[in-house]
Amino acid sequence: MEIRGLITRLLGPCHLRHLILCSLGLYSILVQSVHCRHHDIGSSVAHQLGSKYSQSSSLSSSSQSSSSLAEEATLNKDSDAFFTPYIGHGDSVRIVDAELGTLEREHIHSTTTRRRGLTRRESSSDATDSDPLVITTDKGKIRGTTLEAPSGKKVDAWMGIPYAQPPLGPLRFRHPRPAERWTGVLNATKPPNSCVQIVDTVFGDFPGATMWNPNTPLSEDCLYINVVVPRPRPKNAAVMLWIFGGGFYSGTATLDVYDHRTLASEENVIVVSLQYRVASLGFLFLGTPEAPGNAGLFDQNLALRWVRDNIHRFGGDPSRVTLFGESAGAVSVSLHLLSALSRDLFQRAILQSGSPTAPWALVSREEATLRALRLAEAVNCPHDATKLSDAVECLRTKDPNELVDNEWGTLGICEFPFVPVVDGAFLDETPQRSLASGRFKKTDILTGSNTEEGYYFIIYYLTELLRKEEGVTVTREEFLQAVRELNPYVNGAARQAIVFEYTDWIEPDNPNSNRDALDKMVGDYHFTCNVNEFAQRYAEEGNNVFMYLYTHRSKGNPWPRWTGVMHGDEINYVFGEPLNSALGYQDDEKDFSRKIMRYWSNFAKTGNPNPSTPSVDLPEWPKHTAHGRHYLELGLNTTFVGRGPRLRQCAFWKKYLPQLVAATSNLQVTPAPSVPCESSSTSYRSTLLLIVTLLLVTRFKI
């Protein structure tokens, strides 16, 4: 079902602008039982939330705001694209999970749906071990292909290597099972399917949005891994394993913007990526063996085990594996740092715009169960909380597209519907508790965020206010209204404190400042402050931490100029896209991309982004310590080193505001006026006095 149709059916125009900032509502800060959860947030799918679901959300205090990431993008049919589609696999599966000690046998019948024209990927068995493109993995032989990077350099690529059995039929919603052995030589020359998900159609064929849509066929048969190796074949090369983002409801490893060829060939590293289940198919939780939750994270974990056991066959060093990901991908990386099941499967981590403490990263078990039952009800399945097996049995029979089309009605407002949960298996406790107790992998991390993290999502939610065009501004009245819509669960004192913190008091009526304040409000709450928190905790434990603030806006960026440097804008440069001369990047942007790739690959090789000897081309990147808190600004022609970033605003969200809410929970505070009086600054004097007084009460216990 198209998102446009859902918007028309579910939403009246007056509801569209209520969808954004509710996820910014402080509800998840104030009520710790739920942690909301990419290019990981704000996506078209948030528009599917109708007023009837908003009303139903009041039935449960655990139902919270739904902020959806638009991390889905373009269907690129270009024959030169790095990834092109294929499908394959047999019909019966033998479940033998040596890692978990599980033995059983089930069968997927031949009626399993396949896409027309795509066949099983087996080649003739005439390949010999002398063929450098034929690799013998622990499950069987695979044949790769040689590709040319845009720079003209060659790489060898193996795409669509099965690391798990297809999660079809009775395996839907379950943890993955290792792939079975095969005979002959398996063709690994075409990229894998993308896992079933909704597709962003909100802005039509606008490239700034469609670049995140899956570009290979959608299928439940999607658990495959890709390996790209520089030529000549290295020995014991560092491995960089990419985990894509998309709010846990979308995304695919095959996007053009993730093209592995340039990074691998320019930096002499092996680049690996994996597909994992998203949306309800990957994260539905009912607390039963049939629907244990976190299936998508277990997919990732199984892929990490495959890399550990096989990457040496491709010239990689299994003792130098670095995970890197963005948005929900960065959250995934961070959860592997926390999980006892994953900690020993890799060495280092790069987290781009994501942290496990983000309000959208996890939900409680109770909320996850409620959402699963709402989905069951939406697709006419049994939804009795005392008969969960009946719900799962029915949900397994439904078309996967029907599930993902209906899951956005399974929650109140402004949350990604199916995200990780503390399941007692992959995660034993909340990320906050793990960080506080020091129960996480002690290692080197590189992390950071972008200057305008919030705009991408606001454009999808406040569609009437922030239109996708130049010259958009926000009046003071519109700003105050947006803050109210953004924070529906907090009292008047807290809401006025937010207004005060994000007002430009030099020019409080400046329409550009008011617009930009909304971006900072969203970006600080959902991204920057959580990234800061994670980096700080790692630094306090004595780990090597390197932090960045990404500030470069591509000259060819299709979004309006006022959107600045948005969520995900660094990805092109990490993978070396500017080096593709056909895409029109300027020479200084090509050099900048080379610098970013070198920083990232240096870190993967040594745990330090700096070169072994000082270089004028690579400014020194200082460590982010618990006291210094330094970060490097990543932009054209800049070597600026700052502290933070945004320490004051993050102290506001993480320290001051929770205390203010606690101190004023029983007070009635007059809300700020919709239209400021003669002077915007004078209208808040009484409120400011109250806030300061309450802070003193909280701080000094007077």
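Glycine is treated like the rest: Cβ placed from N, Cα and C.
According to Swiss-Prot, the active site, acyl-ester intermediate annotation covers Ser327. Ser327 (active site, acyl-ester intermediate) falls outside any helix or strand according to DSSP and counts as coil.
Residues or ranges marked as active site, charge relay system by Swiss-Prot on the basis of similarity to another entry: Glu453 (among others). Counting only residues at least six positions away in the same chain, the Cβ atoms of Ser353, Asp519, Val522, Gly523, Asp524, His526, Phe527, Thr528, Met566, His567 sit under 8 Å from the Cβ of Glu453 (active site, charge relay system).
As annotated by Swiss-Prot, active site, charge relay system applies to His567 (among others), with the evidence given as similarity to another entry. Under DSSP, His567 (active site, charge relay system) is assigned to coil, being neither helix nor strand in the three-state scheme. All protein chains considered, the CB of His567 (active site, charge relay system) has 33 other CB atoms within 10 Å.
Annotation source Swiss-Prot lists disulfide bond at Cys195-Cys222 (among others), citing similarity to another entry. Secondary structure at Cys222 (disulfide bond), taken from DSSP and collapsed to helix, strand or coil, is coil.
Positions annotated as disulfide bond by Swiss-Prot, on the basis of similarity to another entry: Cys381-Cys394 (among others). In sequence order, Asp390, Ala391, Cys394, Leu395, Lys398 are the residues of the chain that are 6 or more apart from Cys381 (disulfide bond) and have a CB within less than 8 Å of its CB.
Look at Swiss-Prot and you will find Cys529-Cys650 (among others) tagged as disulfide bond, backed by similarity to another entry. Cβ environment of Cys529 (disulfide bond): Arg646, Gln649, Cys650, Trp653, Lys654 lie under 8 Å away, each six or more residues apart in the same chain. Cys529 (disulfide bond) falls within a helix when secondary structure is assigned with DSSP.
In this structure, Asn187 (N-linked glycosylation site) is part of a beta strand by DSSP. Residues annotated as N-linked glycosylation site in Swiss-Prot: Asn187 (among others).
Under the DSSP three-state reduction, Asn637 (N-linked glycosylation site) is assigned to coil, being neither helix nor strand. Positions annotated as N-linked glycosylation site by Swiss-Prot, on the basis of sequence analysis: Asn637 (among others).
Look at Swiss-Prot and you will find 1-36 tagged as signal peptide, backed by sequence analysis.
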Fewest neighbouring Cβ atoms within 10 Å: which of the disulfide-bonded residues Cys222, Cys394? Cys394
For Asn637 (N-linked glycosylation site) and Ser327 (active site, acyl-ester intermediate), the CA-to-CA distance in whole Å is 26
Please name the residue among the disulfide-bonded residues Cys195, Cys650 whose C-beta has the most neighbouring C-beta atoms within 10 angstroms. Cys195
Note down the number of other Cβ atoms within 10 Å of the Cβ of Ser327 (active site, acyl-ester intermediate), including every protein chain shown. 32
Most Cβ neighbours inside 10 Å, all chains, among the glycosylation sites Asn187, Asn637: Asn187
Alpha-carbon spacing, Cys195 (disulfide bond) to Asn187 (N-linked glycosylation site), which is rounded to whole Å: 20
